[in-house]
Amino acid sequence: MIQRTLREIEKMVGGTGLKKGAERIFIKGASIDTRQIKAGQLFIPIKGDRFNGHDFIEKAIDNGATAALWNKNEPVPDIDFPLIFVEDTVDALQKLAKEYRMQLSTKVIGITGSNGKTSTKDILASLLKTKYRTHKTFGNLNNHLGVPLTILEIEEDTEMAVIEMGISALGEMELLSSIASPDVAIITNIGEAHLTTLGTKANILQAKLEILKGLKPNGLFVYYGDDHLLREKVPQIEVNREILTFGEGPSNSYSVIPEEIKVNGSIFKLQMKDSPTFFLPMLGKHQMYNAAAAIAVARYFGVSFDLIQEGMSKVDATGMRNEIIHVGQYTILNDAYKSNPSSLRAALEVLYGLQQYKQKIVVLGDMNGIGDEEVQMHREIGEGLDPEEIHYVFTIGPLAQHIAEGAKLRFKNDRVVSCIDKTQLIEKVREIVGDGSIILIKASRELELEEVIDVLKAEEILLEEDVL
C-alpha cells in the first residue's frame, strides 16, 4: 500500500497548509471509513448528500489515523493533528491514486462490462498469482472511490493488479481509466445494467469503451467477441492496440468449447490444438467465457497452460455469484448480488443444466436499473421460464410481480407465488422445499435476498441441533 511522507502526499494531491514539523510524518495506507481505518493511515473524509466524513475526524484519530486531508471549505477542528487542505477530498483521493499509479511499475488490468466483472477479476487474479505477485479489487469496490482506494492498497513490489471498474454514467469510465492507466483493458459484455441512467445499450457501449481512453499506447484490448454491439463497433474505432477476443464463436481468439457443468464447477476446452481441459469451480457457460478472457490475458503475460490449469482450479470467488450452498438435504444457488435480464437468463441456464435435483425452485426479485421497459422485461422473463425445468416460482418486489404474471401463462397458478415480504417468502419456501431440491435465488442488490438465505441456513442448523 502507499507509504509516503506527508510532504510527498501534499505535493501529490496539490494540497496546502501542512504545519511545519509534520512534513516527515510517514503514512501507510489511506481510508475513507473511520470504522475500518488502521493505525498509521491517512484519513480522507468524504462529503455526501446525507453525511460528512469531516464530522468524524475525532473518531479517525481515536482509531489510529496519522493525518487527514481536509476540504478548505469545512470548519477547521480545534485539534493538534496534521491536516493537508484541498479544494475537494474526492478529487484529492483520485489525484493521489493517479500519482501513486504513475510511480508504480505494476502492470494493471482494468475490467469493465455489464455483467461478469467480478468473476473475471477473481479468475484472472487466480491465474496471474501462479507466476506473479498479484493484487485485486476487494469485493466490488469499483466506482470513483473504490478504484482509487484499490490502487492505494497496491504494495510497491506488486507485479500485477487486477482492477474492476464500474460506472453508471457517461464520462465516469474515462475518469477511472485515467486514474488506473491500464496496460490491459477487458470488456466482458454489454447488457441491460444501468439502462435507467444511460438510456440505451448504445450509450452503455459508449460508456464502457471509455476504458480505452486511459489504456497505455502499447496495451492490450480484450473483449467479448460474441457481443454484436462490440463486434460491430470496435472495428469502427481507432484502437491502435493489440486486440484479442473471447467467446464461443469460432472466430474468437480464445473460443470456448463447453464440455460439462457439474454442481461443483464447469469443464471446458479452448478451440486450439494445444488446449488442455480446464476445470473452473464456477457454474455456467457465461463463467467459461469469463475464464476465456482471463486465459487470454494470462497467456499474454506468459503464464503457461499448466499454471493456468492450477490457478483455474483454485479460484477464490466473491460471494453471492452462482454460489452453491448446501443446506441440509437441499441446495441453494445463491446469485443474490444483482440481477438484470442477461445475468438472470445465464443463471437460469445454469439451473436447467443441473439435472441431479428432484425439484427446482426459483426465487426472483426485482431487476432494478434496467430502464423504461422494466415492466415488459420482467414479464418477458416470467413468460420465458420453463415449466418442464422449474417446479415452483416465487417472486418478491413490485417489479417481480410482473415476472409472476408472465409465468402464470405457462405454469399452473399454484406453482407461482408472488410474496409481499421476506417473512412470507421464507414461510412459502419452507412449505414446499424438500430433500433433493435446489433453489435459485436472484435479485437486485436493494432486495438483500441473502437475508433469506441466512434464515434458511440458521433454521437448518437448529433442526440439526434438535436431532442431535
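Each residue, glycine too, has its Cβ placed from N, Cα and C.
Features reported for this protein in TrEMBL:
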| type | residues | note |
| --- | --- | --- |
| BINDING | Gly113, Ser114, Asn115, Gly116, Lys117, Thr118, Ser119 | ATP binding site |
| DOMAIN | 27-101 | domain 'Mur ligase N-terminal catalytic' |
| DOMAIN | 111-298 | domain 'Mur ligase central' |
| DOMAIN | 321-445 | domain 'Mur ligase C-terminal' |
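Features recorded in TrEMBL, as mapped to the structure shown.
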residue: Gly113; record: ATP binding site; CB count, 10 Å: 26
residue: Ser114; record: ATP binding site; CB count, 10 Å: 23
residue: Asn115; record: ATP binding site; CB count, 10 Å: 23
residue: Gly116; record: ATP binding site; CB count, 10 Å: 26
residue: Lys117; record: ATP binding site; CB count, 10 Å: 25
residue: Thr118; record: ATP binding site; CB count, 10 Å: 25
residue: Ser119; record: ATP binding site; CB count, 10 Å: 26
- Around the recorded ATP site (Gly113, Ser114, Asn115, Gly116, Lys117, Thr118, Ser119), other residues with Cβ within 8 Å of the Cβ centre, ordered by sequence, are Ile111, Thr120, Thr188, Asn189, Asn290
- Note on the structure: In DSSP terms, the domain 'Mur ligase N-terminal catalytic' (27-101) comprises 23 helix, 17 strand, 35 coil
- Query: For the domain 'Mur ligase C-terminal' (321-445), DSSP counts of helix, strand and coil?
  - Reply: 46 helix, 33 strand, 46 coil
